[in-house]
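Each remark here refers to the structure printed beneath this line.
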Amino acid sequence: MADWVELRVHGVSGTPPDYMLGSAHTVQVAGDDRSRTFRPADALGREVRALDGHVLEAFHWGRWTSGSWMQALWLLLIPFGIVNAAQFMLPPPSTAAQRHLHALCGALLRTVGLVLTALFALADALVVADLVAWQWLAERGLPVPDRVVVVAGLVLAAALVTALSRIGAVDTGRRYRFAHAGSRDLGHGADGLAGLGDAAFFDGDPDSPALRRLHHAAGLLVVAWLGLSVAADGGTGWAAGWRWAPAVVLGLVVLVVLLVGDPERRTTARGAGAAERARTVRWTTAAARVVQLLTGAALLLALVGVAVTDVAAVGRLPGTEPAVAALVLAGTVVVTLLVLAVAALAAGTRAAARRVLSPFRRFAGGMSAAAATAVGCFLAVGSTAGLTLGVEELLDGLTATDVDVPELLQRFSYAWGLTALVFAGLALAGRLRAGRRRRAFRDRAQAAMTFGDPPSLRLPPPWVGRTGAAMQRARAKNAVPGVLAAWTALGIVLAAAILAASWSGRGAGEDPAFPVSLLTGVSSPPGGAVTGDDVVIALGQATLLGIGLVTVLLARGALRSEGARRGLNVVWDVVAFWPRSAHPFVPPPYASEVVPALVRRICWHLGVPDPLEDDGEAGPAGPASALNPAPVREVVVAAHSQGSLISLVALLWLPEQVRDRVRWVTFGSQLREQFARGFPHYVPPELLRGMAGAFRWVNLYRDTDPVAGPVTSWDHTRDGGPLSSRRLDEPATRQPDWVDPRTGRRVCGNEWRLLDPVPGDLGLQTRAVTGTGGHSGYWTDPDWALALEVACGRLPDGRRSWAPGTGDSAPRARGSAPRATAEPPGDGAGPPGDADGRPGAAGGPGRGTGGDAGQTTSV
């Protein structure tokens, strides 16, 4: 019978189980079709154990974001997801004034989300109703009146808006109830905001169904505006009076969204203030239903108006120019107000932020929510403009017809061209600076790779420079906050310049004053001389067309291949962890499903009941009361990258009586680099300190990791001299570090820096150096086994070295050099075929190859 279990949890990109387990064959032993548990197996499907007989498992959650072909279409929703995640980046308030500012920021974020929905609706209407139906098909001499073609285009545009609203509307059928598990002693929120240890966080926003209706209505109202504009322009008298009805209803939608309240403070309808929140939910739902009825009536009026109008499809579709201008104005104003509101909130919470340990302080002084929102908006503008320009080029190429897009898209092209020039300059400057620092990083790599007794260089000389370059590239992540801040500022300035130029009437021949004239431009008239504006616009159009082409190609690949979906949906692996809040079209948060599945698996191994299952209800694979008849002594949860956040939350929700039987190893973790600094309310240093004390946490990192870095130690002295660092347990004093003379790992308390590539034989006769691992393959490091020993408490700390042939007792390889057993999967850790304590999982155990096999990369 197995004594303990090593349970690995993958990170983003849905790392395949065979790669996680280092086995050519795997077998699924528990879970359903999305939260799956695998074990290594031989070619006959028999389970393979480690040399010491412990159970090795991989918990695979990647199919929640990349399981079906439908999830490939989530590519379209990425701007929505970024804006939604920005809600959870806001600095936490502590006073009444700060709470009001926090609520204002939440309302503005929801308004930005509404503007993005309207932008996508306008983009699909421009393509199908304007470019295709009005400008292209209407001139093909079809045997039907133009009004029939335009009505069909408007109907298709409305259908596309409806489809957009349903892409992410996946009902997972909630099976878990966090409130039944009782109060947690770690991870609590404050000032009305739920934390990761509060059930309210997983309940989500009760307004989400109503917000979905409101966003759907907003998209359809854009289509209705265009239809009524066509009817009014065609001479239908009553349409001229009703033309502004969609705008009025859209104003009502904006008002309801603004008055809903702080989405982050209203994540549950239970607890303090439950009655008030329930009333708000009721009136929001009622208002959404009224808006739906009014929207349906407006859209019907629009279609009828076009059908009874003698349409003459000449020029551009009526109503498009003012719609584009209104959306640009609304987006610029709302994003600017959001930046100002977030800046005020960040300034008001600066005193509290200064009390946080400096390595954990929030990104960009608390402005990360504003920067993320701006990036989401820029991606939305870029993708929609790129799609529109791409269709224009396609239609122009099919026939000799000259199809025109709105003039404002030329200004967008100019703005993107200018942005491309600015960032090309920044990239060049960064490359030049990196060239000047290349020698310094080479010296760092050489110092790190020189160790032992006596100290000697343990890496072939050609690899020293390559390793230094990898270390330098890994530091590029530190520049991301600054780049995003620069992008935000540049985008707001360019958007304001576009508005200023448009309202000054430059299209009518009036040149705006400097510096607006430098920041915006339109192409020269046909036959005129080529100007600088033309060059920048051409560069911008190439950039936007590239974005559109890449979007189409990525979506095509993701529709056909699960592997492509895993790579494409890396963004969703990160942002879909957070509940629906600022935008209701985003896919469902997987945390409320993955965390309970991981908790269940840990508890089953330990032989205790699942604390998150509904009383009397069956889970996805059987009854909640099933227990492991052969529980193990302890479980080591080994989590990579995004999996470190998932496992952190899962450990929070374990029953307190089993915490001393669960250990935690993280590797390639962003718990400090991204989560503590980007989401300061949810992953504060106090929570990490508590987790370290409760679960004997060991964290592994590499200097060559381009995504992650150290978590619990900082301010490391340079290699080659006295080694010391500051640590989370005693941050006020420097503590000495230790270097393993065998592998060169640097031990900073319970955090270890692993050398990459693994040092070894300079003659390359006992170990070949073929590349750096970066963010992948931590479990193949020779120090992996020792990390598990320390986490399990078999060794007091990491200041220990061993080597074959010495008198030291070496830890047995864990997860490497496995041996086959004759038992079927699950034997020794539960009955055969019932490895999760249930009568079969996912239709019975099956090979974990299929769509996951053959992959050898991990992020």
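Glycine is no exception: its Cβ is also placed from the backbone N, Cα and C atoms.
Here's what TrEMBL has on this protein:
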- 69-90: transmembrane segment (TRANSMEM)
- 111-136: transmembrane segment (TRANSMEM)
- 148-169: transmembrane segment (TRANSMEM)
- 214-232: transmembrane segment (TRANSMEM)
- 244-261: transmembrane segment (TRANSMEM)
- 286-308: transmembrane segment (TRANSMEM)
- 323-348: transmembrane segment (TRANSMEM)
- 369-391: transmembrane segment (TRANSMEM)
- 411-432: transmembrane segment (TRANSMEM)
- 479-503: transmembrane segment (TRANSMEM)
- 535-555: transmembrane segment (TRANSMEM)
- 711-742: region 'Disordered' (REGION)
- 726-742: compositional bias 'Basic and acidic residues' (COMPBIAS)
- 798-859: region 'Disordered' (REGION)
- 809-826: compositional bias 'Low complexity' (COMPBIAS)
- 840-853: compositional bias 'Gly residues' (COMPBIAS)
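Per-class residue totals from DSSP over the region 'Disordered' (711-742), listed helix then strand then coil: 0 helix, 10 strand, 22 coil. If you count C-beta pairs under 8 angstroms between the transmembrane segment (369-391) and each of 111-136, 214-232, 244-261, 323-348, 479-503, the highest count goes to 111-136. Within the same chain, the transmembrane segment (214-232) packs against the transmembrane segment (286-308): three or more Cβ pairs sit under 8 Å, each pair at least 6 residues apart.
Ranking 244-261, 286-308, 323-348, 479-503 by CB pairs under 8 A with the transmembrane segment (111-136) puts 323-348 at the top. Away from its own ends, the transmembrane segment (286-308) comes close to residues 147-148, 150-151, 154-155, 158, 209-211, 213-214, 216-217, 220-221, 223-228, 230-232, 234, 236, 238-239, 242, 245-246, 249, 252-253, 256 of its chain (Cβ-Cβ under 8 Å, at least six residues beyond either end).
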